[in-house]
Amino acid sequence: MRIDVVTLFPEFVAQCAAFGVVGRAVERGLLAVHGWNPRDYAEGNYRRVDDRPFGGGPGMVMMIEPLRAALRAARAADPAPARAIYLSPQGAPLTQARVRELAGRERLILLCGRYEGIDERLIAAEVDEEISIGDYVLSGGELPAAVLIDAVARLQEGALNDAESASQDSFEDGLLDCPHYTRPVVHELGRVPEVLLSGNHAAIARWRRAQALRRTWQRRPDLLAKAALTPADRALLDAWREEDGPADGGGPDRPA
Ligand code: SAM
């Protein structure tokens, strides 16, 4: 997979792609990340990339031409068609399902805004999709781009070692992940649940499923509506609801 990032801070994105699973995916040739700086395509001594907003108001707006030239150079760098994504707080919220779909593509171009954002005409003409990483505002699209790159990198085949398998992570089957424990078995903070030491794989799988279900019910009941639940899952949920009353967006054991 190839990801081109149009950003005023290509070194920042390159650094984010140099560590951990993403760095390993790059080393293994599963992913290539390239930065394109609109300033390199700006004219004049000051290589200006922003200007005042028409209509007045605070802040600056990224100008069309330097961004368009950088985008075009990025597109032309490889013959494979690329989906252009503008990281924006106004985009569709990023979900694991969206990550999985994007991870299967050959090429992405990520467009990072700064200041008040980007001239709307460029977005209308060049952007295929807008993605947000959450309902809050950051000062630039570089962290959101790094988030998206990390999420798609770990889904590239061969990026994760077995021990890091993504298949049981939160959201993969519509539920949150179960809790995890490692050595020591006994610690002043508590004991590892007995079932995990039993060697009974079926019982462990049942326990994990029940834990994942209970966490999801307590912390993110909204996910349950879309999750594929078995009759056994439904029976557990019914029993918990009877015990504790309906989850109210928090549930009885939700941490503060
Ligand atoms: N004026 C814009 C608005 O209110 O929609 C916010 C601009 S923000 C200060 C500058 C840039 O940061 C945006 O162009 C976008 O690329 C990026 N950004 C900020 N928050 C983001 C988020 N939650 N998700 C994705 N990108 C974000």
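Note that the numbers count up from 1, one per residue, in the order the chain is shown.
Cβ coordinates come from backbone N, Cα and C, glycine included.
The domain 'tRNA methyltransferase TRMD/TRM10-type' feature in TrEMBL is assigned to 1-225.
For G113, I133, G134, D135, Y136, V137, L138, the entry in TrEMBL reads S-adenosyl-L-methionine binding site. The secondary structure of I133 (S-adenosyl-L-methionine binding site), as reduced to three states from DSSP, is coil rather than helix or strand. Listed in sequence order, L87, P93, L94, L143, P144, V147, L148 are the same-chain residues six or more apart from I133 (S-adenosyl-L-methionine binding site) with CB atoms under 8 A from its CB.
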Cβ under 6 Å from ligand 1: qualifying binding-site residues of I133, G134, D135, V137, L138: I133, G134, V137, L138
Least Cβ-crowded entry, counting other Cβ within 10 Å, from the binding-site residues listed as V137, L138: V137
Distant-in-sequence Cβ neighbours of D135 (S-adenosyl-L-methionine binding site), under 8 Å, six or more positions away: P89, P93
Which listed residue (G113, G134) has most other Cβ within 10 Å, given these are binding-site residues: G113
